[in-house]
Ligand SMILES: Nc1ncnc2c1ncn2[C@@H]1O[C@H](COP(=O)(O)OP(=O)(O)O)[C@@H](O)[C@H]1O
Ligand SMILES: CC(C)(COP(=O)(O)O)[C@@H](O)C(=O)NCCC(=O)O
Ligand SMILES: [K+]
């Protein structure tokens, strides 16, 4: 079994994959200690991608190696992987999660594609039909929007609530509804605009892929296909 880890700024996503490529469910944890592989005894190695700092990432790798006595391969943003070429001016500056999602998206789509990853930040990346990464966009994610309102205002306070996509067009009559609907509508409008722009730039046949913890908020938007394991797919290409 191979342990795969995607260390984002908010959460560590993890899963186990067996040698024939069958993957288990994706776990979402805050700390490494909460990772409980079902068949820990069968783990032979790990592969990891991280957008955290170098010191924190090194600590995570050391902790994994110590806990399960396995080698950890780490994926980084590189100039080229397979037929995908990194479009960043300095390729190593592109978030490694974005790079893996782009590599996986093109491998899945085999044509021009747009990838939106709704995590701590919401990232959008574009790849042309030849596999040339064209760059992309970074904006605050939903949880950052909520946190900012909580931090920068005195009275925007409300108990955590479940998102309700059905009520979006009903104006909120309580603070929680007003914030949740406002932030969700902003996110949906932004992603819709990115879809329109991607189709203009890449052609109407471009593949539109969504991933990340908040992808469900936009999953119903025209033509968008949700792929929760996109970064993990890129990780298996980068660290076979
Ligand atoms: N099971 C979950 N646990 C935590 N956050 C979740 C979960 N499902 C959806 N989310 C949402 O996803 C966001 C985190 O997405 P994620 O892609 O894990 O972020 P990152 O990669 O930046 O760590 C959270 O801010 C939250 O709004
Ligand atoms: C933009 C990101 C913070 C997104 O990470 P996440 O939201 O998954 O935590 C990450 O891709 C990153 O640190 N990028 C480096 C800067 C760049 O991509 O230009
Ligand atoms: K992420």
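Even glycines carry a Cβ here, placed using N, Cα and C.
Automatic, uncurated: that is what TrEMBL annotation is.
TrEMBL lists 97 with the feature active site, proton acceptor. Close to residue 97 (active site, proton acceptor) in the fold, though at least 6 residues off in sequence, lie 6, 8, 49, 51, 117, 119, 123, 231, each with a CB less than 8 Å from its CB.
Look at TrEMBL and you will find 6, 7, 8, 9, 10, 11, 12, 13, 120 tagged as ATP binding site. Taking a C-beta cut-off of under 8 Å and a sequence gap of six or more, residue 10 (ATP binding site) has these contacts in its own chain: 119, 120, 143, 213.
Among the features that TrEMBL reports, substrate binding site is placed at 88, 95, 96, 97, 98, 175. Secondary structure from DSSP puts residue 95 (substrate binding site) in coil.
Among the features that TrEMBL reports, K(+) binding site is placed at 117. The Cβ neighbour count for residue 117 (K(+) binding site), using a 10 Å radius over every protein chain in view, is 28.
In the three-state DSSP assignment, the secondary structure recorded for residue 175 (substrate binding site) is helix.
Checking the binding-site residues 6, 96, 98, 117, 120 against ligand 1 with a 6 Å cutoff on the Cβ atom leaves 120, in sequence order. Among the binding-site residues 95, 98, 175, the residues whose Cβ sits under 6 Å from any atom of ligand 2 are 95, 98.
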